[in-house]
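Accompanying notes for the structure given below.
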Amino acid sequence: MSRPLSDQDKRKQISVRGLAGVENVSDLKKNFNRHLHFTLVKDRNVATPRDYYFALAHTVRDHLVDRWIRTQQHYYAKDPKRIYYLSLELYMGRTLQNTMVNLALENACDEATYQLGLDMEELEEIEEDAGLGNGGLGRLAACFLDSMATLGLAAYGYGIRYEFGIFNQKICGGWQMEEADDWLRYGNPWEKARPEFTLPVHFYGRVEHTSQGAKWVDTQVVLAMPYDTPVPGYRNNVVNTMRLWSAKAPPYFNLKDFNVGGYIQAVLDRNLAENISRVLYPNDKFFEGKELRLKQEYFVVAATLQDIIRRFKSSKFGCRDPVRTNFDAFPDKVAIQLNDTHPSLAIPELIRILVDLERLDWDKAWDVTVKTCAYTNHTVLPEALERWPVHLMETLLPRHLQIIYEINQRFLNRVAAAFPGDVDRLRRMSLVEEGAVKRINMAHLCIAGSHAVNGVARIHSEILKKTIFKDFYELEPHKFQNKTNGITPRRWLVLCNPGLAEVIAERIGEEYISDLDQLRKLLSYLDDQAFIRDVAKVKQENKLKFSAYLETEYKVHINPNSLFDVQVKRIHEYKRQLLNCLHIITLYNRIKREPNRFMVPRTIMIGGKAAPGYHMAKMIIKLITAIGDVVNHDPAVGDRFRVIFLENYRVSLAEKVIPAADLSEQISTAGTEASGTGNMKFMLNGALTIGTMDGANVEMAEEAGEDNFFIFGMRVEDVERLDQRGYNAQEYYDRIPELRQIIEQLSSGFFSPKQPDLFKDIVNMVMHHDRFKVFADYEEYIKCQDKVSELYKNPREWTRMVIRNIATSGKFSSDRTIAQYAREIWGLEPSRQRLPAPDEKI
């Protein structure tokens, strides 16, 4: 007779291996049905399209969850070094289709929904974008998480679960209006709340110094509750975690008020604590010293570091008891990557934990912190650099200010020893800036407290070393690296452009999807007529599809055979949407001058959001829409030319417009765009680039060959020389008749007859204080655009150039970027090894 099973043996039956996997269309249909009825509690008589989307999302999520659990089991068994990517922005977009692509479920789900009388594409369109970012910074973080999972790295993305993401943009009467992005109003099927890991975060209070050391006391506490979202790698059974923190008031919040009849007010006051995770600040290129923003930055850092240390101390899966108490191995097991300066408080916070709570001495705590942290810089614009007022830090985070002062003193002692007698250097390198308002320079804090500092394109990294961080480079040159940005080919080719992905796979197989350098094999097809024809056909199909979308969404009819000329990015003076406007007006004026002259038909599309408080950016949007009103309604223009402003540009719209674009506008003033990643997405999807030698454009032109790029304008050195000489817009105005005509039109109200002085601020800016020197590049830009039109007349040569660009875009995979971070900053070797599937033994 067999002995009775122990409780431990019985529990072994609770295993992910015991669950049947979803492997075929029949299983998918059953699970869809089960979720519709049992999870959503609906039947087909009352189910809405959104219910069907949720049922499909839950069905696909089932396929993720077993892999997610197994991945975490694997990490706890192997105890690898873990990567923690801290970012205040994580611009994920939609999840359903990306998950199906990475798990190889797309065809089966398509067939299952078809058999159920549903259209999968329509269901995909119901999903809200997770718009937890302003633009490139947050989208880069999302691409990086995808690549870290694909490369088998034990990585975690940490950020804030903003209740309201980047605002929805509405264009009313040509003006941008902002609407709240209530992306969670229907719920989010991809996240899992983890209330058991809720952590306290402290603010305000004061510091007591005792014989045992410093104590931060009398603080206000806010709780950080984590929500986990799975991040699947590409077909390797790895599913990593993105953990977003939501602010909650503690149950005893303002309890003292209860005794004096203030119960209702105390409950209402809970909102004040919970405001921390309420909304994303919609501005990442102008620093605003808002207390709530500083609270957000510390909130994510404090919760994340507690989580990291808990995980470091416990090495067994599910074990909450500390196993490690010694921090010598911390930098060997933990890498913290700071995505810009927003999470820079991780440096003083880690020191606070190690010194005040774990009782390490300062030198040991500093050594551990520096070896653990690394910093990525994303901007050279001085107005974007974070410089927090000391008085704000003193009130909100008094202990951290003391620690920053201590870091600064010790750091400046090192500088003084390395450069004796150079007093001005001490002033320039100090973490504390003296002035009318004393400030903490967060970039300086990051450089001092990290073992690696990287820019995000080769030219950007050189600018950092030669200009804004020159003093720091001279002190510690070994810290400075370059890591050129990249994009995930899963979302930015396979998902958004399946036709092109298939045409490529027919020639070189599918391995390129996780090894993008293999695209170079396409160079041998440059003269293959069938391949040229297939690439051109896919582009035309994408253009027809996007034209139909514009007609449905915007009620705008465009010519799908026209050249699709696209500039989509945040609206900012340095990105020079104004230069694009000057070209549009030039084309219009030429048509009016010579109405019978042949012109290559163009549809010029501009999209992007302006920060709500950025007056000039909002005026630029108004100008674009005003020009469109004139051009699109002028019978002399006809079908040759259209100007469209793409409202509410976001990840899901990018996935539609980028595959349809013929020409990608990357026209920032040389030396201002750190890298750019939109440029890479267009290149991979078969658009040619017109651009300046700025950011990653330089490396893209190098890869493709400058002959296969429409390069124009000043180089960085030219801009520097012009700055020294003094830029004078009047010179260009006097010398160039076409430019003069445009400025006269803007000044006289040609594009705003009801309000002739509407664009006076734009005219005043470009004529008298244009930091980004639009006029200086105008002539070359117009000539370069003429070359674009000339080449477009020759479809075969155009497509050959497109193929050359696609074939040489492999360098710009985020897999390459992350492999470099892993080897050169985190001290890890990426792995292409596939984890066992859930029904296999680990």
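Glycine is treated like the rest: Cβ placed from N, Cα and C.
According to Swiss-Prot, the protein carries these features:
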MOD_RES   SER2  N-acetylserine
MOD_RES   SER15  phosphoserine
MOD_RES   SER26  phosphoserine
BINDING   ASP43, TYR76, ARG310, ARG311, PHE312, LYS313, SER314, SER315, LYS316, PHE317, GLY318, CYS319  AMP binding site
SITE      CYS109  site 'Involved in the association of subunits'
SITE      CYS143  site 'Involved in the association of subunits'
SITE      TYR156  site 'May be involved in allosteric control'
MOD_RES   TYR204  phosphotyrosine
MOD_RES   TYR227  phosphotyrosine
MOD_RES   SER430  phosphoserine
MOD_RES   TYR473  phosphotyrosine
MOD_RES   SER514  phosphoserine
MOD_RES   LYS681  N6-(pyridoxal phosphate)lysine
MOD_RES   SER747  phosphoserine
MOD_RES   SER748  phosphoserine
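All features noted in Swiss-Prot, drawn onto the structure.
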residue	record	DSSP (3 states)
CYS109	site 'Involved in the association of subunits'	helix
CYS143	site 'Involved in the association of subunits'	helix
TYR156	site 'May be involved in allosteric control'	strand
TYR204	phosphotyrosine	coil
ARG310	AMP binding site	helix
TYR473	phosphotyrosine	helix
SER514	phosphoserine	helix
LYS681	N6-(pyridoxal phosphate)lysine	helix
To the nearest whole angstrom, state the Cα distance for the pair SER26 (phosphoserine) and ASP43 (AMP binding site).
19
Which of the listed recorded positions (TYR156, TYR204) has the least company, meaning the fewest other Cβ atoms within 10 Å of its Cβ?
TYR204
Determine, using Cα-Cα distances only, which of these recorded positions is closest to SER748 (phosphoserine): CYS109, PHE312, LYS681.
LYS681
What count of other C-beta atoms do you get within 10 angstroms of the C-beta of SER747 (phosphoserine), across all chains shown?
16
Please compare the recorded positions ARG310, LYS681 by how many other CB atoms fall within 10 Å of each one's CB, and tell me which has the fewest.
ARG310
On a count of neighbouring CB atoms within 10 A, which of the recorded positions SER314, SER514 is highest?
SER514
PHE312 (AMP binding site): which of the recorded positions CYS143, TYR156, TYR204, TYR227, SER514 is the nearest Cα neighbour?
TYR156
Quiz question: given the modified residues SER26, SER430, SER748, which has the greatest number of C-beta atoms lying within 10 angstroms of its own C-beta?
SER430
Could you state the CA-to-CA distance between CYS143 (site 'Involved in the association of subunits') and ARG310 (AMP binding site) to the nearest Å?
27
Among the recorded positions CYS143, TYR473, which residue has the fewest other Cβ atoms within 10 Å of its own Cβ?
TYR473
Tell me whether ASP43 (AMP binding site) sits in a helix, a strand or coil according to DSSP.
coil
Three-state secondary structure of SER747 (phosphoserine) from DSSP?
helix
